[in-house]
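Q: There's a structure below that I have some questions on.
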Amino acid sequence: MVQATLPWMAWNFIFLLVLFQTASANAAPKTVYIASTSKHHDVLLEKSLISAINYINNNSSILPGTDIKFISNTTKSIKENLLDYVKLLSQLDVIAVIVNSRPESTLDILGSMLHIPMITKHEVHGHFPGNGTQAPNSDCLGPSSHDVRLAMVDILKKNDWTDILVIYDVQWRSQANAFISVLPPNTKYSKLTLEIDEEKALCDDTKRQLNSLHNAPVQAIALFCDSDLVASVMDQVHCVCSFRIEKPHTWLMADMVPSLPLAVQSSQIMLAFMPDVMDNQYTRYLTDDLRVDVTSIYNSSLFAFDATLVTAHALESLINKRLWVGDDNTPSKTGLTISANGPQLHQQIKELTINSTTGIISFGNDGTRRQMRLEVLNLQENRFINVGTWDSMNKLKLTKKIVQNRPTSELIPLDKLNRRLKVVVVVDPPFVMRNNEGKLEGYSIDLIDLIAKKLNFRYDIYLAPDGLYGGRADGGRYNGIVGQLTQGLADLSTSPLTINSERLQIVEFSKPFMQFTMSLITKKLDFDNQDLMAFMMPYSSTVWFLTLACLVVVTGLMYVVNYISPYGYRHSKSAKNGEAFNLFNSLWFCLASMLQQGADNTPRSLSGRVLAGCFWFFILIWISTYTANLAAFFTVRNARKPVSTLEEVVDGDHHFYIIRDTAIHQFFRVASYQTYRKLYERVNAQNTFVNSTSAGYGVARKKKNAVFMAEKPSTEYVIMQEPCDLTAASGLLGASSYGIAMPKHYPYARNISVAVLTLHETGVLDSLWRKWWDYRSQCPKEQSRSGTGKQIELSSMIGVYVVLATGGISSIVLVVGEIYWSKHGRYFKALFRNEFGSFGVAKANTHHAATNSVPVLRVQSVKTTDL
């Protein structure tokens, strides 16, 4: 029985022993180590690592049974002492190496030899082809290069920068090429490789190439190099202590900023990125422990804290899954101890999703960080300021304006400038034109010459290649003069560029040197052909027709009144007078009265005289109005224009022309007023764009019903030049101004403005106007007319027709009364004599007795026919 029991007890003992050994092997380690390495000894990095380790060791919720210790790298160069450093790490339970500097091949070898996870701030490229973007055993805690290049491209698109220069270090070649591959199709780019010696200093040839870029015609420079080289590169292009005129380049920094302060040339525009710092328990603990403000904390400090958090959480996950191997001293053939937990710990790091000082941390299969939010920083006063954010979901959001590092305070005087300013213009008489010798002359040429003499600088003038003033082309870039300025090919332009809101966003303008309105240019009306009916212009056809009708009606009334009136000429005893107002003579009377020649006879009866009087009043008003309006028509005839308003252009059958890619083109394109919208739609539909003012004037001369809109200064000059066949309707739209255009942030903009104001105040600009406009006129000046030749309508003459109608009606009433009186007048006369005759005689006798000289009044009957 005992012999049978012993084997059973032995097997139980063996099983418990194996179980105890297995539990011991998977138990949490008492102490682990984290190592760090950096290009230079970084005290702040070490302090941040120690702060993170203390946070974890003092936090019972993270690795409660394990202490983390820190191993500082005291070796000056890992590359030169790689074996010693590897031996040091292999002797301890080092669970991760935190790499603050850009990883090198030696660090890749270190991780591969010991199988220790490496947490880097930069991606590792090029040393292990075929294994993805990241080297084996490494995870990048910084922003992925994919996110950074997308953020840089979004900034280029936001600001319409299409001409860029890519400067890159050889270690950043893959990132630079990847950036170029995602540029918009319309972007022009060039590349420059940085040559750096073993001491990480720029080679002489690279310095010379960079030095030649201080006025390079590019809109932005993408800089792919380590952050500690940025200041050195920019110093070669734009020296901080330089006294020459500096072009304000815009720099896009691909590497994360190490800290917010950075000293570079004051005129430059610098943009960079860094992880978005979160306001949480980790950030507050770190800033309190380091005794720094969150706005002053270094990027390396955030990286060190987050890397330690990632390592601790990955180790805790490994232990909780009972995957930790307690005895991981596995000697290799080289005698080094290879970590048995390294590969498993690296896998746990990839599977993590934790919160940190820079937001949520999660990794992709390639070991790069995913969905990271970046702060967009702008260098101002040698310190980076947050101006926006970027993330893969919401893309770019700018909250502040991007500005230069510092406002330019002290500049070299223009008279000591070691180069000649470039002035770009376009041919547009009388501002710029060629004389008989082929040289440029005009108002703009004289203006720049006067400014140059006043400010003592030298300059060269050239014509814009495309001959345009400048607008946004199909690809988003600006052409013409504006394009030359935005690309840095010219310093200024004295051509008449209109100041508007769109141009002010991309170029600078001086104080205005001229104000103007718009004009409509058309061909003058042809008055050489004789108009046989010109005498009828004062009255409308309705008035003429009604006047003729009145003549016929009055003729008929005059005949009828004379015919039926008992006191007319028809009842005269004389046969000769009986036909005085027959139908033909009545017509002759009316015609003679209308032409103010006087008639042979005048009406004899009261009714006829009332009719004639009203007709004469009508004639007086009609002739006076006709004479005055006829004089007005012939006076203002030559001043009449085919069109005077834009409404007439819209309502009429006109072809409307404007110059392409100019301020007026932009005005009509964005206008909301119905008339302006209709005009722009007509221009688009008929494609009536021209490329220059000369082309517009040519169209106005040759095409029927062509209307060309241009600025008044130009039109005033052209219409006063032979062949004097154009006319202008001015005062259209609101007043605008011309200014001298310069590149954005041009340091001498104020000097130019002061010079323009001085020329204006001293009357020099007025003298220039007289020189190029008044004194060069070849046509007689159009006289301004205060009156207009407008046809008289019926509504204006209705009163005189009413008077005439009243006279006609009155004559009819009176002739009826005359007939009645002729028949019954004797009865009324007898009645009057019986009633008042004795009174009249008595009164006459009394009066005769008193005076003895006044005869007695006698009333006698008179036959009506003898009157």
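Placed from the backbone N, Cα and C atoms, the Cβ positions cover glycine too.
Keep in mind that TrEMBL annotations are predicted by a computer and have not been checked by a curator.
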Q: Write down the single range among 83-101, 577-595 that appears in TrEMBL as transmembrane segment.
A: 577-595
Q: Which candidate from E711, E716, E722 does TrEMBL annotate alongside P496, T498, R503 at the L-glutamate binding site?
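A: Within the candidate list, TrEMBL flags E711.
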Q: Of the ranges 105-132, 189-216, 385-412, which one does TrEMBL list as coiled coil?
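A: Comparing 105-132, 189-216, 385-412 with TrEMBL, coiled coil matches 189-216.
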Q: Tell me the Cβ contacts of R669 (site 'Interaction with the cone snail toxin Con-ikot-ikot') under 8 Å, same chain only and six or more apart in sequence, or just say none.
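A: The list for R669 (site 'Interaction with the cone snail toxin Con-ikot-ikot') reads Y680, given in order along the sequence.
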Q: Compute the centroid of the Cβ atoms of P496, T498, R503, E711, then list the same-chain residues not in that set whose Cβ lies within 8 Å of it, in sequence order, for the L-glutamate site.
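A: So the additional residues around the site are Y469, L497, I499, N500, T662, A663, S736, S737, Y738.
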Q: Work out how many Å separate R503 (L-glutamate binding site) and R472 (site 'Interaction with the cone snail toxin Con-ikot-ikot') at their Cα atoms, rounded off.
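A: About 10 Å separate the Cα atoms of these two residues.
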Q: Reduced to three states, what secondary structure does DSSP give R503 (L-glutamate binding site)?
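A: Note: R503 (L-glutamate binding site) is helical by DSSP.
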Q: Go through R472, R503, our recorded positions, and report the one whose Cβ sees the most other Cβ atoms within 10 Å.
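A: Selected residue: R503.
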Q: With an 8 Å cut-off on Cβ-Cβ distance and a minimum sequence separation of at least 6, pull the same-chain contacts of P496 (L-glutamate binding site), or say none.
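A: In sequence order, the residues whose Cβ lies under 8 Å from that of P496 (L-glutamate binding site) (at least 6 apart) are D428, F431, S444, M514, E711, P713, S714, Y738.
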Q: Calculate the distance in Å between the alpha carbons (Cα) of R472 (site 'Interaction with the cone snail toxin Con-ikot-ikot') and V643 (site 'Crucial to convey clamshell closure to channel opening'), and round it to a whole number.
A: 31
